[in-house]
Amino acid sequence: MDPSASSSSFAADQVARRAAVIARHLRDATGGTPYASSLLVPAACLHYSPPEASEKASFDSREMRRLMDGHDVEARDWLFRVMEESLLFCPRRRGGEKVFVAPDYNQTKEQQREATMRRIDYLLGRGVFDGWLTGRGPEAEMKRFAFFECLGIYDHSLAIKLGVHFFLWGAAIQFFGTKRHHDKWLKDTENYVVKGCFAMTELGHGSNVRGIETIATYDSNTEEFVINTPYESAQKYWIGGAAKHATHTIIFSQLHINGANQGVHAFIAQIRDADGNVCPNIRIADCGHKIGLNGVDNGRIWFDNLRVPRENLLNSVADVLPDGQYVSSIKDPDQRFAAFLAPLTSGRVNIAVNAVYISKVGLAIAVRYALTRRAFSVSPNGPEVLLLDYPSHQRRLLPLIAKTCAMSCAANFLKSLYVKRTPEAKKIIHIYSSALKATLTWHNMRTLQECREACGGQGLKTENRIGILKGEFDVQSTFEGDNNILMQQVSKALLGEYIAAQKRKKPFKGLGLEHMNDPCPVIPANLTSCTLRSITFQTDLFCLRERDLLNRFASEVSQYQNHGESKENAVNLSYQLAEELAGAFTERKILQTFMDNEMTLPAGPLKDVLGLLRSMYALICVEEDASFIRYGYLSLSNAAAVRKEVMKLCTDLRPHVLAVVSSFGIPDAFLSPIAFDWIEANSWSFLNTD
């Protein structure tokens, strides 16, 4: 056969096929010629049909939601309704009777800031914040977490504005202060009599809090601290609430007494009077417009001989007596400094959890759109194919869904660990909150980007949420701890555990490292589908990677030290292994929490689906991490088997995907028009309806 003839025939078939598709789009509903009618009628292939009509769930999505949310489901739904009921949350009708709530991002930053405060006032009046600082016990804290997650789903600016006030300013008073501070400030903070902010970050020092340059000098004659900004690099920067609304702040500064620097301490100071005027000896400037979070008034602060009473030192860790004597129950300066970072832990927990819920929003929108949007047909006269019926589209979204479900379980573990905290658990909470904050926020940004692309041009529209959420949540990767630095802290902590175990000549205990005491797992030479999906294999493989990377990291650091490098520099030079180790530790913990949740379920459809999601999570982590091949944990043939199994899992999960995203518990009003009848929402008849 003439190859050129074959090529020409194929090209002609393609042209005919495309012409037939175009003709169908142009033909009117009665079968007449193109343009025969002045009415715009949807072609059959573009008719919207709710996915629920064809996607039948094999399990109860409400049961899965209780597992994913973990707690306070009814309270969450109440708060969602509270927001839907108020015009302050900008309800807009789009297509049919669907009403969506979302901030108006067309407003100026000044308007967005005032809108945020009006929403806070409304929520305060509805009792949403009752007990946020004065409530006690795990149940009160878990309910606060649940409410904060719901508010973040609506608007990140609202969540951050509240987070600074309650979880930074309020938590600093709780953790750093003593009874005199609690009695004076906590109730007024909860009721917004005072509006607090948190002045830690400086222009020249962010993650390196120990290096901040603001100075507080004690004056024993007046029993006051005199606070100054000695250099431009010492100006407080990115302080949420400072530019407009905050009346008080926590100032972190170096404490100088009689010429000696006692390190970083925290002080309460008023920065505005009741009329909103900036107090004397303080200068405040606006940080300006940002790529997101313009509903938060970030500001810059300078202090010029600002005097605060001795009693305003938050003194649970250290105190200064009237005569200037410095006293602390913690003698080690490093331990004392670590105690001052406690409020950041609750912030990291909130950030990690909120990142998961925003991933859920993006995926719920993208999946619902992919279940109703069609593109191309496989035959000249056939219907166009649903986006989610393309294997490539499944491969884009379904692994992200599995990861999000796994991370949802890990986020619940982190919250539970935090609310049941003890003084002895501070280090463990710091390590897990650092690891999960970094991993879950990175995952969120990747998920939003993939969902944006998966929705094509519709993903660019602000009203469809996904695109705007990217800008709103980008900051999560760097605030309250730069993700890369947090992961370095994780690997350093693991190295410390390794060195301690070697010195004590005792087994590993804690942080899930007990597997290091067991014989090294052996991976089968040939991996079958059954093996790849087994809990035993997945656990062994993740533990093998973690133990090997920890051994390699410790060995490389030791080698650098043997060649004359300091321990600090040796760790820095080993940063590649440090990054791989921190990632392996975090993914192993996420897998473990997912398995633990799966094991709580009785045999049935929900447990079966969770098993598919767990296998997808495990295998996609394997496929995406080159260390499994780099260090020989898997042969090339086994790595290829993993890749093929991921595609099989996409096929197996496809029938359940609508039920899974429905279990995320995001109300329709908090999704977007493309998650529902996107044709009607974009029709001429609804163009000017609000």
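Backbone N, Cα and C define each Cβ position, glycine as well.
Summarised as a single figure, the pLDDT of the domain 'Acyl-CoA oxidase/dehydrogenase middle' (197-305) averages 96. Look at TrEMBL and you will find 197-305 tagged as domain 'Acyl-CoA oxidase/dehydrogenase middle'.
What TrEMBL records for T201, G240 is FAD binding site.
The domain 'Acyl-CoA oxidase C-alpha1' annotation in TrEMBL covers 344-495.
Just so you know, the Cβ of E480 (active site, proton acceptor) picks up 25 other Cβ atoms within 10 Å once every protein chain is counted. Per TrEMBL, active site, proton acceptor is recorded for E480.
Residues annotated as domain 'Acyl-CoA oxidase C-terminal' in TrEMBL: 540-671. Secondary structure by DSSP for the domain 'Acyl-CoA oxidase C-terminal' (540-671): 109 helix, 0 strand, 23 coil.
Fewest Cβ neighbours within 10 Å among the binding-site residues T201, G240: that distinction goes to T201. T201 (FAD binding site) sits 9 Å from E480 (active site, proton acceptor), taking the CA atoms of both as reference points. A separation of roughly 12 Å, to the nearest angstrom, links the Cα atoms of G240 (FAD binding site) and E480 (active site, proton acceptor).
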